[in-house]
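Got a structure for you, written out below as structure tokens; questions coming shortly.
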Amino acid sequence: MGPLTFTDVAIEFSLEEWQCLDTAQQNLYRNVMLENYRNLVFLGIAVSKPDLITCLEKEKEPCKMKRHEMVDEPPVVCSHFAEDFWPEQDIKDSFQKVTLRRYDKRGHENLQLRKGYKTVGDCKLYKGGYNGLNQCLTLTQSKMYHCDIYVKVFYAFSNADRYKTRHTGKKPFQCKKCGKSFCMLSQLTQHKKIHIRENTYRCKEFGNAFNQSSALTNHKRIYVGEKHYRCEECGKAFNHYSTLTNHKRIHTGEKPYKCKECGKAFSRYSTLTTHKRIHSGEKPYKCDECGKTFSISSTFTKHKIIHTEEKPYKCKECGKAFNRSSTLTSHKRIHTGEKPYKCEECGKAFNWSSTLTKHKVIHTGEKPYKCEECGKAFNQSSRLTRHKKIHTGEEPYKFEKCGRVFTCSSTLTQDKKIHTGEKPYNCEECGKVFTYSSTLTRHKRIHTEEKPYKCNECGKAFNRSSHLTSHRRIHTGEKPYKCEECGKAFKQSSNLNSHKKIHSGEKPYKCEECGKAFILSSRLTQHKKIHTGEKPYKCEECGKAFNRSSRLTQHKKIHTGEKPYKCKQCDKAFTHSSNLSSHKKIHSGEKPYKCEECGKAFNRSSRLTQHKKIHTREKPYKCEECAKAFTRSSRLTQHKKIHRMGVVAHACNPSTLGGRGGRITRSGDRDRPG
């Protein structure tokens, strides 16, 4: 059997077959053929360049060639060492099978060196290239290139072996510029272009520059909307074959990449690589603008847009613009209502796979991300990152309009919407509008009465996972959030933040109607309903309406008689946990709320607020019937009953109401004590 020739490793396509391939598949074929030729040259099988290779290098269609044109001539001279002998893209299984099958037919033991050369390094023409590569390799890897009579190196660098290299995690090729390592030389070559900014491929539509033609092709598919690869399971289409492969694992549940540190498995190798940085703490991507570091390059790229404020991806439906194509794709689902990711545990559907992943943790209770400072654990790495800023005091996001600083960019975005008044999310049931889609989702549960989050301890259900988390602390007694000022502890971080404002006196939310200021935006929203008289929450049992859903929930317990909160000290039961908390202070004698004006102390903040009105003489609650004003809304409510009972107008005058000895009759006369 003679030595291997290019004909043995060439794959032919007819014109019809070639036209059936898409651009990505044609590029893949081109890369495979060029690699086969480079490998033959590398082995010292000196061939004149076949017309097929010339054609492929000029990016012409190979199917237009005749069969005899593909046959290589007898050996003439040895070609130079091809440094980038590995292709830039992964070879598809179909091409792998054909190529490796052809290698097997001839046998790699028959891949002979050119006569007169005992080793690959003997060839003078590519000795320099070989020596350059040899310096990059370990001693073991270097020996792989030295063979006596037959060349085994060809098989050593086959696709099968390259696949093994990926799974063993070996990364012999290191970038001298930043120290990053790669398992393939071609990956290192591509990576180097990032440093030299060799962005030769430019998008004519948006002006974006890329250092790979494949990256430009991928980019074009984003705005063209070209999606060739469709999932047979759910019908979803993708613009890359690799993305489809990764997507299929959602259905199969396959997770072939496992972390040796904690045992967690992943469906993608890249996700495993990123995950490993949680354990190592590595953050190789640094922002030149603000100095912030990132463990993932994609997160770093997204972060950069914060500084540029570039938003190239626009929604055709509503005109809203985004800085990520993925965010636009997710946003479109608001208009279509599509929720392709479904939880098998409870049937809940989501429009993002990442949201489904986060949701699943509710059922498992898994909290793999632990704070080294205080030991608190979280189910999301992003929440751990946010939590750490409590210890460091870092607040990198500042809104110049109000001067407020935030630990998260998302919180800054939310705050901006408060000032602009933007509310793009509309409830179809009642017409109410919201600033955030998540708030609309929660609001809808009022109409559907859906409560997917259930307490295993007492069976109580909630419409928010955060409410369930807070509720569980009633059973455990856990209060992880402590005030450094007075030592008071809270079950929720939001309660601690609200409490801190008591000490600082900060009240950023002001009512335009009466000028009253509040610590929380939610309190301002509730307060506004006093002026509008809006009471959207109605009791089906008795028809009574309320301006807060929480008050309706409390009211319903009057009908059911439910009192789930019991005092261990005296066995007294309450309908609300807040009432139990207030009651406990009777036993302890605790009165943490003190009046700065007169020094009087109270066991409830609401009572201190009411008391302060004695000093300020503030009476915000006014009777529309007779203009009488009150310090409390409850007093106004009681007063209104006088008008409803048909009492004459002068009964509103305190002088006509007299002392305590009489009672008011329906006619307005007072019964005198006998």
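Backbone N, Cα and C define each Cβ position, glycine as well.
In case it helps, Swiss-Prot gives these features for our protein:
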- 4-75: domain 'KRAB' (DOMAIN)
- SER605: phosphoserine (MOD_RES)
- 653-674: region 'Disordered' (REGION)
- 145-167: zinc finger (ZN_FING)
- 201-223: zinc finger (ZN_FING)
- 229-251: zinc finger (ZN_FING)
- 257-279: zinc finger (ZN_FING)
- 285-307: zinc finger (ZN_FING)
- 369-391: zinc finger (ZN_FING)
- 397-419: zinc finger (ZN_FING)
- 453-475: zinc finger (ZN_FING)
- 509-531: zinc finger (ZN_FING)
- 565-587: zinc finger (ZN_FING)
- 593-615: zinc finger (ZN_FING)
- 621-643: zinc finger (ZN_FING)
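Are these features on the surface or tucked inside, and what are their neighbours?
DSSP assigns SER605 (phosphoserine) to a helix.
Applying DSSP to the zinc finger (229-251) sorts its residues as follows: 11 helix, 4 strand, 8 coil.
Sequence-remote contacts of a segment are chain residues at least 6 beyond its ends whose Cβ falls under 8 Å from one of its Cβ atoms, and for the zinc finger (257-279) they are 166, 246, 249-250, 295-296, 368-369, 381.
The average pLDDT for the zinc finger (397-419) in the predicted structure is 64.
Counting only same-chain residues 6+ beyond the ends of the zinc finger (453-475), those with a CB under 8 A from a CB of the stretch are 362, 442, 445-446, 491-492, 564-565, 577.
Away from its own ends, the zinc finger (509-531) comes close to residues 418, 498, 501-502, 547-548, 620-621, 633 of its chain (Cβ-Cβ under 8 Å, at least six residues beyond either end).
The list of residues near the zinc finger (565-587) in space but at least 6 beyond its ends in sequence, with Cβ under 8 angstroms from a Cβ of it, reads 474, 554, 557-558, 603-604.
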Have a look around SER605 (phosphoserine) and count the other CB atoms within 10 A of its CB, chains all included.
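Taking every protein chain into account, the count is 13.
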